[in-house]
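Just below is one structure, and these are the notes that go with it.
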Amino acid sequence: MRIIYLISTVLLIYTNATVLRTKESIQNKVTYDKYGFQPLCISCTGLISVASFFLKFDVSEPVILEFATIVCKLFAKQPWAVCDGISSQFRDEFFYVFRRLANESPSQICGIILPDCADPTDPSESGWMVALPPKPKRTRISKKKVQKKPNMSMSQNLNVLQLTDLHVDFEYKYPSEANCDDPVCCRVSVSEPKKAAGYWGSVGKCDIPFWTVENMLSHINKTHMIDMVIMTGDYINHVDWEYSIEEHLSVLRKLHRLVQNTFPSTPIYWALGNHEGVPVNSFAPHSVDERFWPTWLYKEFQTMSGPWLSEGAKDSLLKRGSYSTQVMDGLKLITLNTGFCEVTNFFLYLNQSDPDSSMSWFVKELFESEKKGEQVYVLAHIPPGDSECLEGWAFNYYRVIQRFSSTIAAQFFGHDHLDYFTVFYEDMHNVSSKPISVGYASPSVTTFEYQNPAYRIYEIDPYNKFKIVDFTTYYADLEKATEDKKPVWEKLYSARQAHGMDDLSPLSWNKVIQKLFTSEKKREKFYQYAFRNFSPQCDSTCQMQLMCNLRMGHHNSTLYCPTF
């Protein structure tokens, strides 16, 4: 055995997928100092060399883990409980993966994880390409054939509710400290907190209490007519150093029961988020040992979405965490497991090439819909252009969107907790080319970190290729809520009104981007929407990243970013 858990320390310090949640990936962290060196690459190879020395002298795994915990404590500046918990969580996974990379040199291993440190060798096959079929003769579906299912309302347009990134914390305490030194606060009761946690939640390093989610769903049920609910992942809190399968199942079942009871006759579709993994971000493909397979999780999601899925869809969910289902005549919904693009899903570094054939399956489902003249909604958690998504997966996803842009009516994402959208182009390397599709990243329910809770409702025209006519985002200002005064859920904005749009076509969204890039006033309003009327410390780097997201469908370069 020539490789180590120590590399995990580099990842814990430099990626956003862990408790540190820096909002920047290791892919964007490789920089040069004034002498032309790459400190992160040097640190990576240095740690692996140290580990090789340890292992050469048969140092035991527990000792290596303890050393990794110490390094985590010193460099990541996290409490012992956090570093020790992460070490325990990832122990088996790390040793399993890195033992199988034993024949690779330190520079090759660092090149796998940090692309800008890349060695010419690519043992993980990150440059894989999914096969795309030629375009067939298109058959048009008649408007007369489009009929709502009995469980849908008979209104002209349909209302689709999106809830994402709930991150419910069943250990939320009131009163408690909201400004603590731990990665997640509002969990420890204190008599005199420096900053007291609010009863309904606290905007900051805190997740949302269960009773606030109950309040939100009750409000939605009383206020809106909902025809379909889409859940785009991350239902578990951010205390990922304490994750367990038993606790995950308990949270998922409580949340499923609440949502199901709120909308007993409404179709509800659930997607997996990276925080559903145990350890966090861990989604083992079937190419690794069976003991790592997240079968327990896939089975639970079978139960959660069960009433609305066919047996074939359930089988697909159990195989890859993804499924497709016929929502109504002329409309298919495809739910993708983006755990297979997660940059800290370490199993992928053994082989990134189409884990569990998910991308090939995605293409097959789209091709079938294309031949039938159907429209498709894509439901997933991590947007492909997010820094937490591997470029190999993002690049192939973008290619699929290009090929099937006339079939894909909309893409729905979560993950970033912020409110934004991404335009996809006919040429992924040229933002002056034709806009062909839009991905919607919906705002989170959780307040982690530093935004008010929100939900979104899309207005859909079922008689015009299931196009999104408009959407409205609602939020609650938790600073105005008290123990005796419930949150007020109110309209934040509607897309067409806020951005002065004639429609929500890719071309119209591209025009919105152009306006945002040239108008500081419009950008300020956009930032306000992104954080739901909360004033965070969003500096110039933060603001630039939000603008880059608008055209960042993958990670090719910074050409997507504005130059203001």
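A Cβ is built for glycine as well, from the same backbone N, Cα and C atoms used for every other residue.
Given the structure is predicted, the values throughout are model-derived calculations rather than measurements.
According to Swiss-Prot, the feature signal peptide maps to 1-17. Annotated disulfide bond per Swiss-Prot: Cys41-Cys117, Cys44-Cys110, Cys72-Cys83, Cys180-Cys185, Cys186-Cys206, Cys341-Cys389, Cys538-Cys542, Cys548-Cys561, in sequence order, evidence recorded as sequence analysis. Here Swiss-Prot flags Asn151, Asn221, Asn351, Asn430, Asn556 as N-linked glycosylation site, drawing on sequence analysis. Swiss-Prot lists Asp165, His167, Asp234, His417 with the feature Zn(2+) 1 binding site. Here Swiss-Prot flags Asp234, Asn274, His381, His415 as Zn(2+) 2 binding site.
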Exercise. If you count Cβ atoms within 10 Å of the Cβ of Cys538 (disulfide bond), leaving out that atom itself, what do you get?
Worked result: 17
Exercise. Hey, how far is Cys206 (disulfide bond) from Cys185 (disulfide bond), Cα to Cα, in Å?
Worked result: 5
Seminar exercise, completed: Listed in sequence order, the residues of the same chain lying six or more positions from Cys341 (disulfide bond) whose CB sits under 8 Å from its CB are Ile382, Pro384, Cys389, Leu390, Trp393, Ala394, Tyr397
For this session: Find, for the listed disulfide-bonded residues Cys117, Cys185, Cys389, the residue with the lowest Cβ contact count at a 10 Å cut-off, counting only other Cβ atoms.
Result: Cys117
Exercise. So among the recorded positions Asn221, Asn274, who's got the most Cβ atoms within 10 Å?
Worked result: Asn274
Problem set entry | Whole-number Å value for how far Cys180 (disulfide bond) lies from His167 (Zn(2+) 1 binding site) (Cα to Cα) | 19
For this session: Would you mind reading off the Cα separation of Cys41 (disulfide bond) from Cys110 (disulfide bond), to the nearest angstrom?
Result: 7
Exercise. If you measure C-alpha to C-alpha, which of Cys180, Asn221, Asn351, Cys538 (recorded positions) come within 10 angstroms of His415 (Zn(2+) 2 binding site)?
Worked result: none
